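Report on the following structure.
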């Protein structure tokens, strides 16, 4: 096997099942590449020695009926992993070792996968560039000095750099789709309630959703099949008939109606994004789809709505971090002083900003003017999508308003950073599924993605559309391994 790490998940599983490669051989290959790639800063915690032991154990008693037989995988450090440090990219959780496993990761281990380690992310998933992490920013494998996107930046970087064959992220306002777009990979944000939130460090509970990130759509479908289960431990988990997404995957989308929302043609959109969208429409037509112009009139208000609702929920969720039961604790002269010092020293500046925004909009004098109004607008945004889906089967948009930007370019301009999520946040507010697929490059050769948005619980449909378009686009990620000396 020339280069195990460059294989897709589907290829890797086939080779392991055909006994062409062992789990130990596979795991060693990913560990070796991981050790050579530390300059990317993708890992917060490496669990390489345990991974090798588990791989050897699997090879001694293999079970090839499993969907991920002995496959090594690294996951975002927002998922609780029993007895393995889970930090959420924050100083305040730097010493936290969970006594339990998240449902999503448990589903993955149940299918035979092996944990390689925990991947870097923006602190508490608050960020669009992986620059807010206490453990330092992540480099994109696309080019030196480039952000990989966020908050699942470590996941996207590790995937594109072939440090893991697949991975999982979380998406609150675009945190799977935006980094996937920036790194030339595939990222699916499932319907809210499709994947359990149990054991995921919470940011905004009505928006957070776990999802798969992969090298191609087929791998994405397989991982979604594994992680999407009903869970009684999560009150927002929804019990519905789930598809066998990978088995039901088809490139036949003839006659599907795909909507193009006129409101997404925003002022100042770069020509390369306009051109990408136009090409995407042509690809969809070539696949046999019918293009329909639609209107989503209230999505213009999605960004301000999101940046009221999400910080409000974050300020409530993060109130639990006080230094008493677990995590970082600062010394204080009394209890109140200890609380103040722990939180001011333990949280980074972006997290503090969002806590303050959230506390403000929930305060008695401003609750009606901001939070309540935002929830009403959120309902209108959901209604816009409901109306659109009376005419179309899916919606096609760009994933992001630009290609990846340089590290440090937007750190002093929060509004500019927040605008990165302009095409992704409406989906979270409406609780819908959406997938980003690589579809082209800009003038510098940086990847650009297209987003396909579906009806609630219609992941199969958007996976099929993505699969058909992927075949037409024939995107090839150009990674030069610039970071390996």
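Using the three backbone atoms N, Cα and C, a Cβ is placed for every residue, glycine included.
The model shown is predicted, which means the values in this text are computed figures rather than measured ones.
Features as listed in Swiss-Prot:
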type     : residues : note
ACT_SITE : 76       : active site, charge relay system
ACT_SITE : 151      : active site, charge relay system
ACT_SITE : 175      : active site, acyl-ester intermediate
Message = Can you give me the same-chain residues 6 or more apart in sequence from residue 151 (active site, charge relay system) with a CB-CB distance under 8 Å?
response = 78, 89, 121, 122, 125, 126, 127, 128, 130, 169, 170, 172, 175, 179
Key: active-site residues (76, 175), the one with most neighbouring Cβ atoms at 10 Å   = 175
Query = Using DSSP, would you call residue 76 (active site, charge relay system) helix, strand or coil?
reply = strand
